[in-house]
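In what follows, a structure is listed as structure tokens, so that the remarks can point back to it.
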């Protein structure tokens, strides 16, 4: 009986996907058995960053070089990633959480249901306050939307209240959360969401979660 949960993490280049996984693994690796699979088109840069900066040992981090369009490797033809999952489970039969990070993509990125049990989509304030209302499957269909880099709002003229209003409208009751991962702000809310909705712990919704 399979006992691990696969969490897909997608979003545009530079939004904070790798930073989110790095900080999550730092906080939860002592509590859960965790592994990470990253996707890059031609390099293993994200895997190398996590190996250098994460608390996870190198053998719990695997890089997949997709060699093409990043969303193909997580949706239309997820075979390379599914093989990586199988290899990781063979290495660590006790694994409980496997984070699968997509390559940087646009707002239409979605994971094959065979590859991810739940999905997190990361955008950032620096892209402008209009990003939530642009929609796209990443915004509207992900299980959790993370709006990162709230500290940059004053510098790019973004109104967080407008972003919250638009995210509420586009998400239609699905949760989202504002973060500043550089300072771990609301990281506990993301962890709480994972524990409640991915690991199915009997806990309250995190206070920082918005619907």
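Note: Cβ is positioned from N, Cα and C throughout, glycine not excepted.
For reference, Swiss-Prot has these:
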type	residues	note
BINDING	11, 12, 13, 14, 15, 16, 17, 18	GTP binding site
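Location within the structure of each feature annotated in Swiss-Prot.
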residue : record           : Cβ contacts under 8 Å, 6 or more apart
11      : GTP binding site : 17, 102, 104, 105, 109, 121, 122, 123, 138, 146
12      : GTP binding site : 104, 105, 106, 107, 123, 124, 127
13      : GTP binding site : 104
14      : GTP binding site : 104, 124
15      : GTP binding site : 104, 122, 123, 124, 127, 148, 149
16      : GTP binding site : 122, 124, 146, 148, 149, 179, 181
18      : GTP binding site : 38, 46, 49, 50, 101
Would you count the other C-beta atoms found within 10 angstroms of the C-beta of residue 17 (GTP binding site) for me? 27
Relative to the mean position of the Cβ atoms of 11, 12, 13, 14, 15, 16, 17, 18, the recorded GTP site, which additional same-chain residues have Cβ within 8 Å? 104, 122, 124, 148
